[in-house]
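Before any comments, here is the structure.
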Amino acid sequence: MVKRIDEVMPVIAFGGDYNPEQWDESVWLEDAKLMEEAGVNLVSVAIFSWSVLEPEEGKFDFSWLDRVLEILHEHGVGVSLATATASPPAWLSKEYPEVLAVQENGVAFQVGSRQHYSPNSKRFRYAVKQLVTEIAKRYKDHPALKMWHINNEYGCHLAECYSNESLQAFRDWLKKRYETIDNLNQKWGTNFWSQRYGNWDEIQFPVNLPTFYNPSQKLDYKRFMNDAIFDLYKVEKEVLRDISPDVPVFTNFMYEFKPLNYFEWAKDMDLVTWDSYPDPREGKPYRHAMHHDLMRSLKNGQPFYLMEQVTSHVNWRDINVTKKPGEMRLWSYSTVARGGDGIMYFQWRQGRAGAEKFHGAMVPHSNDPNSRVFQEVKQLGNELKQLDGLAGAHGTAQVAIVFDWENWWAVEHEGKPHNKLSYLDQVYQYYRVFYENNIAVDFVEPNGNLSNYELVVAPMLYMIRDGEEKILEQFVAKGGTLVVSFFSGIADAQDHIHLGGYPAPLRSLLGLTVEEFAPMADNEANTIVSNGEKSTVNTWADIIKLEGAKAIATYKENWYQGSPALTIHRYGQGKSIYIGTNPTDDYLDQLMNGLLQQLDISAPLDAPKNVEIVERVANDKTYLFILNHNTDAVTVSLEDGVIYHDCLQGKQVSQAITVQNTDVAILIY
Amino acid sequence: MVKRIDEVMPVIAFGGDYNPEQWDESVWLEDAKLMEEAGVNLVSVAIFSWSVLEPEEGKFDFSWLDRVLEILHEHGVGVSLATATASPPAWLSKEYPEVLAVQENGVAFQVGSRQHYSPNSKRFRYAVKQLVTEIAKRYKDHPALKMWHINNEYGCHLAECYSNESLQAFRDWLKKRYETIDNLNQKWGTNFWSQRYGNWDEIQFPVNLPTFYNPSQKLDYKRFMNDAIFDLYKVEKEVLRDISPDVPVFTNFMYEFKPLNYFEWAKDMDLVTWDSYPDPREGKPYRHAMHHDLMRSLKNGQPFYLMEQVTSHVNWRDINVTKKPGEMRLWSYSTVARGGDGIMYFQWRQGRAGAEKFHGAMVPHSNDPNSRVFQEVKQLGNELKQLDGLAGAHGTAQVAIVFDWENWWAVEHEGKPHNKLSYLDQVYQYYRVFYENNIAVDFVEPNGNLSNYELVVAPMLYMIRDGEEKILEQFVAKGGTLVVSFFSGIADAQDHIHLGGYPAPLRSLLGLTVEEFAPMADNEANTIVSNGEKSTVNTWADIIKLEGAKAIATYKENWYQGSPALTIHRYGQGKSIYIGTNPTDDYLDQLMNGLLQQLDISAPLDAPKNVEIVERVANDKTYLFILNHNTDAVTVSLEDGVIYHDCLQGKQVSQAITVQNTDVAILIY
Amino acid sequence: MVKRIDEVMPVIAFGGDYNPEQWDESVWLEDAKLMEEAGVNLVSVAIFSWSVLEPEEGKFDFSWLDRVLEILHEHGVGVSLATATASPPAWLSKEYPEVLAVQENGVAFQVGSRQHYSPNSKRFRYAVKQLVTEIAKRYKDHPALKMWHINNEYGCHLAECYSNESLQAFRDWLKKRYETIDNLNQKWGTNFWSQRYGNWDEIQFPVNLPTFYNPSQKLDYKRFMNDAIFDLYKVEKEVLRDISPDVPVFTNFMYEFKPLNYFEWAKDMDLVTWDSYPDPREGKPYRHAMHHDLMRSLKNGQPFYLMEQVTSHVNWRDINVTKKPGEMRLWSYSTVARGGDGIMYFQWRQGRAGAEKFHGAMVPHSNDPNSRVFQEVKQLGNELKQLDGLAGAHGTAQVAIVFDWENWWAVEHEGKPHNKLSYLDQVYQYYRVFYENNIAVDFVEPNGNLSNYELVVAPMLYMIRDGEEKILEQFVAKGGTLVVSFFSGIADAQDHIHLGGYPAPLRSLLGLTVEEFAPMADNEANTIVSNGEKSTVNTWADIIKLEGAKAIATYKENWYQGSPALTIHRYGQGKSIYIGTNPTDDYLDQLMNGLLQQLDISAPLDAPKNVEIVERVANDKTYLFILNHNTDAVTVSLEDGVIYHDCLQGKQVSQAITVQNTDVAILIY
């Protein structure tokens, strides 16, 4: 029986990727001592160690790793041990070229960076199984072992493969899905453009085409590659479960990552972990906050680990701006506030050679313990120790946003009315409102459980699979408030149109039909009028015919002036709002705040702008995080009559609290 | 003996692409009834039906098509029957991979979109012949059959192929053209860069080169591919002529399409048809007007069919803006006014699946007969019935513009003095003047018949083949007025320089020599002075030495100040004007209007701005089209003393007529 | 014993590329007469003649070349005879496809342009050897022969090859460099990302990778390709030395050309020659001036030949602006002033066919001897005859800039803190100051001899190989002034970090450590304060800790405000200045002028802006060039009491001289 994460690590985990094989053995002890000094309690080891663990086929050398784990354990540092499969060794592809992933032009990827394997290669899966078996057997009972880290950032550089073996696997996958070729023909609509297949062997990849692909085929290719990579993950997972059934397993997810359906993956993992690298230039803090909330939602609110972040700056952007003093700490606390039970970095010691040598680390090139970077690491590591009892605490959301990877794939296919739309940007647009108002948000799958929420938002939910509209209908019928934005309910699971007037499956719930789409050019806009007030809209206008709904706002210009832009419809005990255009942030703020007020949903505390307030609830107490993103100190009024314990200051506070710029307060009550 | 189009379709054709195989048989009857309601009299059937007509090699299934044609015929809808070869079935390329076209990198295109065949594949030509033979035999006497639609938009996605079979075909084509390898070496100038060939097998495609290609070789490759695709067309045409000699044949042309020499193709077609998809955002109505005029000119003024347009919006642009109410109708009448005897759409019923499901159609996804789109279709279809007698009517141009595909190919080759020049933009620049002044224009080939014109314009006619200058000389000598713009007369049919001072073949006609080209940088300009008035020029300055011509304008700035920019030269009974730079639209308006006045060429009627006036002349009467592109109504004065019949209003008018915004009047006199 | 260039050509060489094989024999005599008229004394012949010299394998035809050389010799025109290997004939790659270079995607380049060979092909080297042997034997004693021109612009289009033979050669090169695979693993840091190699055959090219390459591997690939092309050069050189040991050899270099380490190459050449094509639009005259100075520096100040320039305009830019009257002459004199003993053009007669037919030439298409272009050529050619005694004269620099090709390769690898930095732009930035102040500058390798200089500038010298810091230390210790700019001293010869705090090898010389890099975003800036004066900086900020140095300027903004931006450090008899950010041109002008003043380094004469003053010193006299780049005449005061001889005017001048716009004066004293 696999152990719970908060059994294995009952405190906030703190540490990073540790690559001792890149350094002389003489450095290892120094590393362990510095780790102790910095409050490190967990490191990820051996992620890129295949070529040193198995320098020749079937010949394993664990001696160095034995010593590393011993030293770490002696210094109280736990280990998240990797399966070392992230980057296969040169001998493997030399001996078995079929393990190499292949590009669209038929040219194989090569050894020389990392992740050059084909997820569909049987030979690769075999090699992986051999390696993981050896590692699992050797270290399953090691006292330093806390968890198994499978592979690394699956699909990061390479989520598509066009090898012959992948093509055969794609055909097999299709056979399994559709059973008969006639069924496939129907589900892919192959009578269009004479694409009918007579047998499975005629099917090709949706690349090297003279013009537009078949969107149903492309969607299935994306599903297939997600499944292929997921199957590869499962190969490792099964070995580990078999040999060390009690140790939790996971792989690390990524930021804004489209190719993998993380909702599906998370069900097969004991812990959600992810790697976060926001650009300090970006100035959109809601983006990584949203990812924290998404990651926490993947396993129904179970806390996640931030498996990688950087102390200072990365090296893979065009210009790698560094985090200012205090920012790394502040953002780390935002992570913790939103469900992060682990704060880990890539990497422990900054590399001397290789492609990432200018990527920041906990110990910089200077190896100077007095450096700004190490000092900030050390401060945070030692502070986190004071948050005893927090690990495992849950969030408090009454609002949910529907998020769906397959919708993401389908809605961004080419050949749409407006081909510059980004699903993520549409979701961000709605999330931002809640973020800036300090309203907690969960994410749910379209077929997820909505019963815990008062307000559900479904931005651009283009794909509605058969029956999914029922879930939304029931939610509203029972009193929920639903917000749906334009270009929703258009296509089915095959990316075929739901006939019968857009958005066919949602027409009765929304009380309207959309007769036409009127996308706007880049420099085009319109004005909507709502209670006599005007607001600009752009990007898209649905031409709406009301069928029970009432207009909230109407267009003021163009040939469709006077027709509804936003509508509201009472349905059962609840109501559904439809947003048939792209409003301004201000308009959305006003609209959503109205809804929140009606639903009596509010922030934990009132706070000035750019002050992030988040709560986590443990068994017997609530942790209230106050994060000041401003460049000046702020004073926040606390709840009247409550006496809070300020964790970091170690004292009691009430009435109000002043938080310095770029600083955080964590209050328990 | 093949029937004339106006015998087969003595009325304006109205309808669209019809793809019944994408729908359940139950929809077909509904389709036919809606077609009747909409005034549809012609539909294009089976364009993408190969994979259902021949689901296995040599096994044909015409049963569904039999039923479709029967239903259509019963409802009075004629059929333009396609040869179904536009998109080959998957089994063909699976069984015979040599039918696949190949990319520059040697990778074959694949099944999964359309048009993935190599025009040079003998096996593909064989398969095409088999299919067309079967179709022709089965339907040649079908009462619904009006004409044969060969393939579809040849070369649209794929006008170049780099297969081995294509390479062999290229060598054979060259052998036929040049007979000896020494001749080829001379005609390609291969002593440059050591490119001499010892035998035909050493010749490669002009791709995968470390740097600039040989322009003579590239030009021949373009000629070869045009010929290869044309030969493929002829394979089909010959089968059809052989089996059904009385039924007209055609293929559909495209917009701004460079790879195919449509002047050459049109000679081998019974009807010119083309597909027009102007972007409603573009705001350059002269562009598609010019294409109507060009299409009408391809067969010496014979009316053309607009074979495809869209009711609302396409789906293949980044942002697909929709036509506003009335625009589709107005633009359709502009087509008719400029020689269009057919108004057809892609497509009848909007698709449910596939790459074009968001492309507009006559019957939208909602299937709602009250939808705006269907209502506009129905109005137009029923109006067109009132234009009895118009089909076959001719235009009235006294002005011609020289247009040449080979010149297009050659002048846009790399390595020129100014490599951002667009041939089409230069032609548009001159056409626009006539369009905006409602002066009718024909297009002619460089070796075409100029005897019907008073004014001929040759924009950027870089290539002058041996002897072609004689045609221009004779035109001017006999009293014609010729306008030639810069970078004309530079190269011969091989893209070799005409030696002896630019523009050698035109020097005596123009009375000048161009000593140097002085291209201008993007942000550079100059000023010309003409009769004391100044005007800006950019892009290019010829350094002109007069040899009989007189300066119309001279440069005011830069080191060549004072030297001629535009010149005029009396030659025989006429005169030639040379424009050695790129003037403003205003300057060109003034210059050309002066010439038109001298030549007594004027618009049919005076009209406010953005009102398009065009005439078509039938045997016994003239149709006068007044199209109001403004957003307000306009009143146009009619010719004094003439009584006109207003076709659409069904009443007589005289003196003046008011036309509403986005509306049209068609007057007969 | 090879003859010195000024023995072979004791005057300024004047002429151009001559391609008679592209013209009828009847033109050759006309060419020779025009050459005489234009003062031509040297032409480059046979550069692209392989396919006519060896039309079939092993069959040579020199008859035409015999006649050409005879005619030239009769007209007093010397010949720089090419080895004709620049573009291999079609038969060679047809018969031996292994001679073709291969692209990253595995597709071979093809015949049809030029330079499509793989430098690593043994078969190609064999073919080259055969051809060069025949040419050398036949013409070694020809009286017209002045020098051997080997190949042409090596690597111009193709400095990377990915053929199998190249891969094997790469492995062999690595074996030679590293001896053991363990050594390679260490030097490439292959424990990073599991890149360890078990044997040489596992090594691949650093392309077709899913993500970032190994920078050590990439650097070695660049070294390998430089060596491969250099070896190919040596194959030819050895044949020539063997057969005609007294005739100087060279190949022609290029502008801003990164792939080849010209410092290394120059050591193996008897004459440095290069091809200069500045864009007249560019407006940065210091760029080509710098290249003249660099070319002169490649062989320790020995004069170079400008082997190619254009009379008017090239044809390979997007827009090919032409040089204004006088510019070609003025720029040619700037070349001579900076050490050019040859002024040559591509090409003599403008081509009729082929990719370069719109490239300007000495004789334009019109063949008109009165054309502006030919008249300017003729003037210059005849003027240069008056500069007797100048050939061989030397420069006068007291300032040197460190320049290093390997540093260029390494510092522009991906994955850096700031990935938009250009090494050349950083060097230009410092060179510009000296250029605009008419201070002579030499360039030196990092391990070069600095003893002749007072001031040495090392911009962005990222790579410091073991021990190279000693050269800089000794230079400063002995009294020199050194300026080093940011991101210097970071990596070693393998592109591994110098550990121990940036910039480790320079810390003691500079008296500081750089704790962190703070790259700035594109729109970001900071302000530095120096003696109370403010100035803007951008791009980069080093976070400097002083260790003996003093701050010259400190930052005024951002979290590192108050910390040093520029520093100065006394070291031995001299001082070192460190510039830890990117200052404005104005700031650099002020800083550098202060240093020059302290060091008593000044321009030969005071002059108005845009007047270029350069001196060359012959055995017994000094040539003073005064070049007026302004559009108005300028008057320049001469040194008091000195009487100069004005070469071009043929008279004496003193006190002051007036130089017309775009004109030059050459004074001897």
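Note that Cβ sites are derived from N, Cα and C of the backbone, with glycine treated the same way.
Source: prediction; values computed, not measured.
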Per TrEMBL: substrate is bound by C:Asn152, C:Trp316, and from C:Arg114, C:Arg196, C:Arg372 the site also lists C:Arg114
Across the domain 'Beta-galactosidase C-terminal' (C:611-667), DSSP labelling yields 0 helix, 32 strand, 25 coil
Counting other C-beta atoms within 10 angstroms, the emptiest spot among the active-site residues C:Glu153, C:Glu308 is C:Glu153
Among C:Arg114, C:Asn152, C:Trp316, the record's substrate-binding residues, the widest C-alpha separation in angstrom comes to 17
Simplified DSSP label at C:Glu153 (active site, proton donor) comes out coil
Whole-Å Cα distance, C:Glu153 (active site, proton donor) to C:Glu308 (active site, nucleophile), is 10
Across C:Arg114, C:Asn152, C:Trp316, listed as binding-site residues, the smallest other-CB tally within 10 A is for C:Trp316
For the domain 'Beta-galactosidase C-terminal' (C:611-667), the averaged pLDDT of the predicted model is 97
C:Trp316 (substrate binding site) to C:Glu308 (active site, nucleophile), Cα to Cα, whole Å, comes out at 15
Rounded Cα distance in angstrom between C:Arg114 (substrate binding site) and C:Glu308 (active site, nucleophile) is 18
The rounded CA-CA distance in Å from C:Glu308 (active site, nucleophile) to C:Asn152 (substrate binding site) is 11
Per the under 8 Å Cβ criterion, the recorded positions C:Arg114, C:Glu153, C:Glu308, C:Trp316 that neighbour chain B are C:Arg114, C:Trp316
The correct three-state DSSP answer for C:Glu308 (active site, nucleophile) is strand
